[in-house]
Amino acid sequence: MNQHLLQQFQQIFNQPAQNLFFSPGRVNLIGEHIDYNGGLVMPCAITPGTYLVIAPNQDNVFRFRSLNFDDKAEIPVGSDYQKQGSVWYNYPMGVITYFLKEGKQLQGLDMLYYGDIPIGSGLSSSASIEVATAFALNQLFNSGFSKLELVKLSKWVENVFIGLNSGIMDQFAVAFGEKDKALKLNCDTLDYEPVDCKLGDYLLAIINTNKLRKLAESKYNERVQECQTALKALQQELSIDNLCDIDTATYNQHEHLITDETVKKRARHVIEENDRVKLAAKELAANNLKGFGELMFASHQSLRDLYEVSGKELDTIADYGRTNPDVAGARMTGAGFGGCGIALVKKDGFDRFVKEFTDYYTEKIGYAPSVYSSLIGDGVGELSMADA
Ligand code: ADP
Ligand code: MG
């Protein structure tokens, strides 16, 4: 593929490529809907991602092409670019806008992107293209941003330039991911710890429900509100800043402070899920993927029953996982109401899993899912052109 990309670059821009960069997508392995409660998430970089082939040009323009989209652009270096509709090159132009805003010197570039992540399905192809671009510019022009600054500026692109309200986990995982490691991350403090996560005989199955996430945004805001209500109630007796400042045992003693039954369920999910992330890190450290898988199932159940952000499509993934002995664990990942699920599946049973699960899902839901296999890969970096 890489060789093909370099040839495409030469054909499109009529000059050889100078550098090749890669930035992965990500999944959150466990720790769902708790980042906004001061809790721990555990994302990892996946092996599908975004390739960026790049070379400076002498024409003082940024030229954008993507093998995933038909539209292309040529934007003069000095122009005051404003976001245009929903064109894809808003993402790299957002990054460029940030660099210029910070007084960084840039020059004309020819840029070709190609992503082998399913785009728009919750695996963060957007963070991937942002971080790929930011990393590449930083290196080419010696702009002097640290990796963490690249993460933050990519988040700025997503939140301010594109206008999507989302946390820092995606950009962080895409930039700091490491092969065979999950990242135990506190999204508030940005304290993080890479945790060994060797998949061994297993593969990570990424399952796109192919259901549009229609409800996700309004329900997300509702959950944030409910968590705040729970926090206020607990603060009557506890001096805490976030729900995740307490563990399940402490919550059990104070749950009575919350009057609303629904709010109780939301708080219980958040606090138990945070405890599960800590347990998950221990299971991974002990290389116990089965134990980790059980926590994935438990996480799903809690998101379904207590937090109520799943849905029959995502439930079908966990339900099927329970029936197949090759599946160590399965759960929804991301905000819910559609999007993707993940499962840990034995390598030698993977083909059977894909076939059986696809049939099971299609019969229950009425249309087919998309199933991909992935390993846990490295974060953003430059690839050697010699190896391409
Ligand atoms: P997700 O992040 O879940 O994949 P988003 O809607 O947040 O979905 O981001 C997808 C958008 O990111 C695409 O519509 C496109 O604008 C941009 N994008 C991602 N990958 C590429 C790519 N390889 N080439 C061009 N644009 C891309
Ligand atoms: Mg996105």
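Keep in mind that glycine also has a Cβ here, set from the backbone N, Cα and C atoms.
Any TrEMBL annotation is an automated prediction that lacks curation.
Annotated features in TrEMBL:
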- ASP170: active site, proton acceptor (ACT_SITE)
- GLU32, HIS33, ILE34, ASP35, TYR220: substrate binding site (BINDING)
- SER66, GLY120, SER121, GLY122, LEU123, SER124, SER125, SER126: ATP binding site (BINDING)
- SER126, GLU158: Mg(2+) binding site (BINDING)
- 7-56: domain 'Galactokinase N-terminal' (DOMAIN)
- 90-177: domain 'GHMP kinase N-terminal' (DOMAIN)
- 281-357: domain 'GHMP kinase C-terminal' (DOMAIN)
- ARG26: site 'Transition state stabilizer' (SITE)
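Features recorded in TrEMBL, as mapped to the structure shown.
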residue	record	contacts (Cβ under 8 Å, 6+ apart)
GLU32	substrate binding site	VAL41, GLU273, SER299, LEU303, TYR307, ARG331, MET332, THR333, GLY334, GLY336
ILE34	substrate binding site	LEU40, VAL41, LEU243, CYS244, VAL270, GLU273, ASN274, VAL277
ASP35	substrate binding site	VAL41, GLY167, MET169, CYS187
SER66	ATP binding site	LYS72, TRP88, TYR89, LEU112, TYR113, TYR114, GLY115
GLY120	ATP binding site	none
SER121	ATP binding site	ASN208, GLY339, CYS340, SER370
GLY122	ATP binding site	ASN208, ARG213, THR333, GLY334, ALA335, GLY339, CYS340
GLU158	Mg(2+) binding site	SER126, ALA127, GLU130, LEU164, SER166, ASP170, GLN171
TYR220	substrate binding site	ALA335
Three-state secondary structure of ILE34 (substrate binding site) from DSSP? coil
Compare the C-alpha of ARG26 (site 'Transition state stabilizer') with the C-alpha of each of the binding-site residues HIS33, LEU123, SER125, and give the closest one. LEU123
How far apart, in angstrom, are the most distant Cα atoms among the substrate-binding residues GLU32, HIS33, ILE34, ASP35, TYR220? 12
For the recorded substrate site, whose residues are GLU32, HIS33, ILE34, ASP35, TYR220, find every other residue on that chain with a C-beta no more than 8 angstroms from the centre of their C-beta atoms, and list them by sequence position. GLY31, TYR36, ASN37, GLY39, VAL41, ARG223, VAL270, GLU273, ALA335
Simplified DSSP label at SER125 (ATP binding site) comes out helix
Its residues classified by DSSP, the domain 'GHMP kinase C-terminal' (281-357) shows 45 helix, 14 strand, 18 coil
Chain-internal residues, separated by at least six, CB under 8 A from SER124 (ATP binding site): GLY25, ARG26, ILE117, ASP170, ALA173, VAL174
Surrounding CB atoms that lie within 10 Å of the CB of HIS33 (substrate binding site), all protein chains: 25
Mean per-residue pLDDT in the domain 'GHMP kinase N-terminal' (90-177) works out to 96
Which binding-site residues out of GLU32, ILE34, SER124 lie by ligand 2, going by a Cβ under 6 Å? SER124
List the recorded positions ARG26, GLU32, HIS33, SER66, GLU158, TYR220 whose Cβ sits under 6 Å from any atom of ligand 1, in sequence order. SER66
Counting by DSSP secondary structure, give me helix, strand and coil numbers for the domain 'GHMP kinase N-terminal' (90-177). 52 helix, 7 strand, 29 coil
